[in-house]
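Sequence annotations record features per position, and here TrEMBL assigns transmembrane segment to 56-81. Annotated region 'Disordered' per TrEMBL: 96-172, 189-242, in sequence order. Annotation source TrEMBL lists compositional bias 'Basic and acidic residues' at 98-107, 202-216. Taken from TrEMBL, the feature compositional bias 'Polar residues' applies to 217-229. What TrEMBL lists as compositional bias 'Low complexity' is 230-242. Residues annotated as domain 'FtsK' in TrEMBL: 501-710. Marked as ATP binding site by TrEMBL: Gly518, Thr519, Thr520, Gly521, Ser522, Gly523, Lys524, Ser525.
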Amino acid sequence: MLRGPGSIRLWLGTVLILCGSSALEAVLRTSESGPPDGDHAGYAIAQSLMNLLGGFVGVLVMLAISILALSWLFGGGWLAAAGNIHPALRRIFPGKAEQAETPREARAATAVTPPMHSTVRPARARESIAAPPRSRKSWQLPSASEQPEVPGKRPNIPAKRSEMPASARSMAEWATVERIIPTPAMLAREKMAQQARAASAARRDAMHSRQSERSQNRPAPQTRIISTRPSAPLAADSAVPAASRPLADDGIAMPGVAPAAAPLASAMEFAGKPEIATLPDTASAVADVCAVNSLASLPQSRGEQPEPALQMRPASFEAAIAPPAAAVAPTAYMTPQPVPAGASAATLDDGAADFTFQPLHELRIDLPGLDLLDPALNETIEIPVERLAETGLLIEQRLKEFKVPVTVLGADAGPVITRFEVEPALGVRGSQIVGLMKDLSRALGLTSIRVVETIPGKTCMGLELPNPQRQMIRLSEILESPAYQDSASHLTLALGKDITGKPIVADLARAPHMLVAGTTGSGKSVAINAMILSLLYKATPEEVRLIMIDPKMLELSVYEGIPHLLAPVVTDMKLASNALTWCVAEMDKRYRLMSALGVRNLAGFNQKIRDGNLRGKKVSNPFSLTPDAPEPLSTLPLIVVIIDELADLMMVTGKKIEELIARLAQKARAAGIHLILATQRPSVDVITGLIKANIPTRVAFQVSSKIDSRTILDQMGAEALLGHGDMLFLPPGSGYPQRVHGAFVSDAEVHRVVEHLKQFGEPEYEEAILAGVPAEGASADLLGDSQDVEADPLYDEAVAFVVRTRRASISSVQRQFRVGYNRAARLVEQMEAAGIVSSVATNGSREVLTPVQAE
């Protein structure tokens, strides 16, 4: 580049640019700060020109030298490139290629090649010396004419460009004369042609890739791919079952073979298993526009339309085929299914409406199988009767030593504990036996003994002693039990087994909410996983949707991506408040719908929707935005909100979460929204009285003290549990807790079930849940006031008053505007959120942060 033709122009242009720029810089520096210390060469050049030609003329000469040097250095192509930017400049500064172009070549380029804005430098007159381009075009696929020919393969026919041909006049000249507006029919035909070309290109790429794979796997003679373009003749000398067909970018599946002479029908419309007849390779006539429109307007289904299998023929066999005749009758042709009349014509005639196709069939999600879970252990630990009788006599003896005579009536041995039924003697109170439990456990050499003061249906008390060896209970045992299988509720929860080994399940719809509490390591998280899996084994995403809040980021994040989720697993506590707010809004919206339809709960609502669909009269939305044409209603799923750590959530968000949970617990049952709350800190500031009053169903795992047991169950007993899944289940409407041994589910089992559900597709998330934007029906907060405090008409006046008086107390705002304390407090809190006033200091005062406004 630095030597050879053009090097003199390059070096001279560089020297002139340096001289001109340094001289101009010296002139500017001299005018500001006198003669410069450096850059003597530029100063000398400037002084020479200005002394010779004068000050003003010298500066102009310097500018002219710089501009001339730039044109030498970069060539004259920049004028043509600038002309391409605007049509008027292109007419004033035509490029060399445009000047040397003959009219015939110009017509050919205008008729074939669309106008392209390019900044490539025009070719030089001397062909022996090719100057490098100053800018580079984007890389493009080589055209069919530039690709080398493959022996035995039909050359590709170059596709016609869909762009409008360039006009001899510029767009600016045409704009002043007239403007051609395409008709709806023209747009429709152009759209269908683009779809047909896209589908054809996708099929051709798939065929080429499969052909290359087959050629690498096994040697074969020269082969050629049978074209699958629509053609008039059809030869059924070999029929191959169709495979899945690839889709175009716009989601329209194009048929593999369709006769041009046949009416609106294709090979995909055949009844039963579709078969594709082979086409002679020489019959490669291009289908007309009508055939393309017919094919594209057919209703198609992604799951039912397979792709035709590739058929390979030797080149020698293809060479023996005679040239195609004008019309060849097919040897075998299957009668296509009828297509609704006027399907394509109606679409083309309606220019205002877009093309509509059949919606995709909903994928049916199969419920997981029990083979994904670990099987139950068949070995059972039997306790000999002699051992039970000996323990019973020992209990009587030890209590008699404490002057509390009792009689052991019987014993029930279970997988984890054994319950002895004792009857106190005449005059012995139950509290006496309860007070001796620690002494009795020490006398029997046991860690803990739990006393059941009242056994429902019996007149005796119960003593629950742990077994020497504990038996593991698998979740598969509960799920395959009749108690779970015969339950008709979609919200059946598998808990475990009772002290006699009977499977215990709970219906969350009747609960209607559940509180789970226990210390770390008591089996609380395993029980939550067992409940979630029991829901996944019982209901599909159309029936039950889940919202999971996991502050730990570890327990529930494994369920990310299952179709049952209504929103991603929430790990940010700020987003958890948005999720519960959305649940309150959804509850209010469902109540308005059920009230308008005259039903009492969600089950009645869904049943009314199904009955209307069976009768052919769909129930319309009474609150539609288009009352003239209301949209039909569909069934609503049940929603289960699972919060793994309530204590951390309330610690971050405060009282607002408590109010949201209380409101959902009070009213959400009939709307089909249920809560499962879990916490490992059963204190009164977490499990408040407002929450306990509205959540009657509770599960208590092992706790550290009697106070924690009273906080959860309102009675003692949870402090004597064994841990590792041992729980007390308090059913709704009952004051007697039931001891249940929780079912164990491993992480591997959870992963297998999740992977099984993920294969049916991605979940359909509701974006408004985590967005924080109030949905329909959420225009009022929990107290019935407006959520947007700035919408208060007194907000601007209150801000002006606080900034003017520099007093930011609630009482001053209350006295000035004569409003209640709650309204004044909300106004001041909004000012704090907006940064107008500071937060409350230790002495209870606030500081006004906004500066004083000038009068």
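Even glycines carry a Cβ here, placed using N, Cα and C.
Sequence features, as recorded in TrEMBL, placed on the structure.
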| residue | record | contacts (Cβ under 8 Å, 6+ apart) |
| --- | --- | --- |
| Gly518 | ATP binding site | Lys524, Gln680, Pro682, Ala700, Phe701, Gln702, Val703, Ala718, Met727 |
| Thr519 | ATP binding site | Gln680, Phe701, Gln702, Val703, Ser704 |
| Thr520 | ATP binding site | Gln680 |
| Gly521 | ATP binding site | Gly723, His724 |
| Ser522 | ATP binding site | Phe701, Gln702, Val703, Leu721, Gly723, His724, Gly725, Asp726 |
| Gly523 | ATP binding site | Phe701, Gly723, His724, Gly725, Asp726, Met727, Gly742 |
| Ser525 | ATP binding site | Glu555, Asp644, Ala678 |
An 8 Å radius from the center of the Gly518, Thr519, Thr520, Gly521, Ser522, Gly523, Lys524, Ser525 Cβ atoms defines the neighbourhood of the ATP site; name the other residues of that chain inside it, in order.
Gln680, Phe701, Gln702, Gly723
Taken over the domain 'FtsK' (501-710), the model's mean pLDDT:
90
Quick one: give me the count of other CB atoms within 10 A of the CB of Lys524 (ATP binding site).
25
